[in-house]
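*Asks:* According to Swiss-Prot, the domain 'MPN' annotation covers 102-224, on the basis of sequence analysis. Look at Swiss-Prot and you will find His173, His175, Asp186 tagged as Zn(2+) binding site, backed by sequence analysis. Positions annotated as motif 'JAMM motif' by Swiss-Prot: 173-186.
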Amino acid sequence: MAISDWPEQDRPRERLIKHGAAILTDAELLAIFLRLGVAGKSAVDLARDMLNHFGSLHALFSASLDDFSQLNGLGPAKYAQLQAVLELTRRSLSEELQIGISLNSPQAVKKYLQLLLGGKPYEAFAVLFLDVKNRLIACEELFRGTLTHTSVYPREIVKEALTHNAASVILAHNHPSGSSEPSAADHSLTQALKQALALIDVRVLDHFVVGGKNVYSFAEHGHL
């Protein structure tokens, strides 16, 4: 049965308008995004199939076009729409950070970094450059590696910090494996970067490791 044939009070779009998005299930929210189902399935049914197939919203959002298109009714057009929504969300969070106030909230930074790095199939290392008032000057992905490794060069980060006239930095990288637990190499790198940046009076405020739904903070665990 098509959603248009459902009682009005049960339709996801009408429920969202009346009660707000927070009360809807993941499948209902996806159904609003999809708009239409396929033969024999409503948009909600198709959304449930998507969630069952990928296992989680995070896995769905991180899927490649080939993986996304495996389900009947999904293809390049829907994939492009989804990526556009995700990019708009990233940019919205980036705007919040640029205001400056959000940088005083580790949770806001974590959410932004999850969107920025969480879905990447390779290891990436990013740096947030901040001014003396902890306002974001720039966020740059400086290094990109393989599934399990990326090479980070302290001199390049020092160079960028000088270019941006940064007073402090926040370091971040992802683990495509899904684990946010830092490795021994991560700990060594953090200390090496901290020492290199201290030579130019730039503080390392935190180092976040993004792994799936979890984000590890070096500062919160007393490792800085």
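The backbone N, Cα and C atoms fix where each Cβ goes, glycine too.
Could you place these features in context, so I can see how deep they sit and what lies close by?
*Replies:* Under a cutoff of 8 A between CB atoms, and with a sequence separation of 6+ in the same chain, the neighbours of Asp186 (Zn(2+) binding site) are His173, His207, Val209. DSSP gives Asp186 (Zn(2+) binding site) a helix state.
Panel annotation: around the motif 'JAMM motif' (173-186), residues 117-118, 120-126, 147-148, 150, 152, 207-212, 214-216, 218, 223 of the same chain, lying at least six beyond its termini, place a Cβ under 8 Å from a Cβ of the stretch.
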*Asks:* Hey, which of the binding-site residues His173, His175 is the loneliest by Cβ count within 10 Å?
*Replies:* His175
*Asks:* With the Zn(2+) site defined by His173, His175, Asp186, which remaining residues of that chain have Cβ atoms positioned within 8 Å of the Cβ centroid?
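*Replies:* These residues sit around the Zn(2+) site: Glu123, Phe125, Asn174, Pro182, Ser183, Val209, Val210, Gly211.
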